[in-house]
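Chemist: Copied straight from Swiss-Prot:
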type     : residues : note
TRANSMEM : 6-26     : transmembrane segment
TRANSMEM : 45-65    : transmembrane segment
TRANSMEM : 94-114   : transmembrane segment
TRANSMEM : 117-137  : transmembrane segment
TRANSMEM : 155-174  : transmembrane segment
TRANSMEM : 191-211  : transmembrane segment
TRANSMEM : 223-243  : transmembrane segment
TRANSMEM : 253-273  : transmembrane segment
Amino acid sequence: MADMHSLFIAFVLGVVEGLTEFLPVSSTGHMIIVGEWLGFTGDKAKTFEVIIQLGSILAVVVMFWRRLFGLIGIHFGGKPVEHEGKTTGHLKLGHILLAMIPAVVLGLLFHDVIKSLFAPKNVMYALVVGGFLLLAAEWLKPKKPSAEGLDDITYRQAFMIGCFQCLALWPGFSRSGSTIAGGMLVGVNRYAAAEFSFILAVPMMIGASGLDLYKSLHFLTMGDLPMFAVGFATAFVVALIAIKTFLTLIKRISFVPFAIYRFIVAGVVYMVFM
């Protein structure tokens with residue numbers, strides 16, 4: 001049976017996961033850092049992180065459920081999803097599948113290598129490099145995006161965003177950061193790039209989390225269920241709030257503050273763990 005200390009750890013990590021999963025600051029990096037501070041490491045901690053990520057994924061499903069079902073041809077009320085963009089295009093399942101291919105291929109080929117990178121030093125470097133990518137996206141993006149809305153995104157842009165997503169295989173880089181920045185660099189409006197990133201996260205994270213969970217099921221016990229339930233529920237609620245807030249925020253501010261934050265966190269990692 002989980003004690004109060006375990007439930008407290010679950011709550012704290014649930015908050016961290018929910019807050020950072022869809023912000024361009026790296027949830028994995030923060031989970032590793034906070035986990036080290038709380039003394040919650042090892043195989044059980046990794047399994048716990050996988051499960052609470054599913055809570056964050058559920059938040060995206062709740063936020064974008066009409067769009068997600070629309071991708072597979074299911075339209076509730078007989079009406080298609082409201083068109084977002086200036087062209088006559090539509091976001092289709094093919095866009096998502098194309099964006100998934102690069103990271104899926106590399107992830108399967110180098111799964112064990114990627115898992116070996118989960119250490120504070122590697123996270124520190126990823127935070128810095130990812131910060132520079134955010135700055136590059138703001139400074140080098142086209143003055144007038146070719147894709148103003150989600151439905152304007154082309155197959156080529158979707159695939160290129162998928163290539164940028166491969167950077168997120170480096171722990172600490174940030175999946176949302178790499179895909180949103182990549183989207184901006186290939187001509188997608190910041191807001192539309194964020195929406196595409198969140199929708200792309202659903203199949204990507206379910207696949208990655210499902211594989212990790214399958215490989216670590218033997219670390220679970222019935223006594224861990226309360227702890228995992230608290231972490232899952234907390235991550236879901238916090239992620240829901242974080243996504244809504246983030247989508248509102250990026251209409252008004254650039255990613256420069258997020259880049260600066262990443263540099264600060266990298267400095268903290270250096271001082272504490274190096």
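The backbone N, Cα and C atoms fix where each Cβ goes, glycine too.
Owing to the predicted nature of the structure, the values given are computational and were not obtained by experimental measurement.
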Chemist: Are the transmembrane segment (6-26) and the transmembrane segment (223-243) near each other by the rule of at least 3 C-beta pairs under 8 angstroms (pairs 6 or more apart)?
Modeler: yes
Chemist: Sequence-remote contacts (6 or more beyond its ends) of the transmembrane segment (117-137), Cβ cut-off under 8 Å?
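Modeler: For the transmembrane segment (117-137), the far contacts come to 24, 26, 28-29, 32-33, 36, 46, 167, 170-174, 177-178, 180-182, 184-185, 255-256, 258-260, 262-263, 265-266, 269-270, 272-274.
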Chemist: With pairs fewer than 6 apart in sequence excluded, do the transmembrane segment (6-26) and the transmembrane segment (45-65) have three or more C-beta pairs that lie under 8 Å?
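Modeler: They do touch: at least three Cβ pairs between the two stretches lie under 8 Å.
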Chemist: Would you mind listing the long-range same-chain contacts of the transmembrane segment (6-26), meaning Cβ under 8 Å and 6+ residues beyond its ends?
Modeler: 34-35, 38, 40, 48-49, 52-53, 55-56, 59-60, 123, 126-127, 130, 134, 171-174, 176-177, 180-181, 197-198, 201, 226-228, 230-243, 246, 255, 258, 261-262, 265
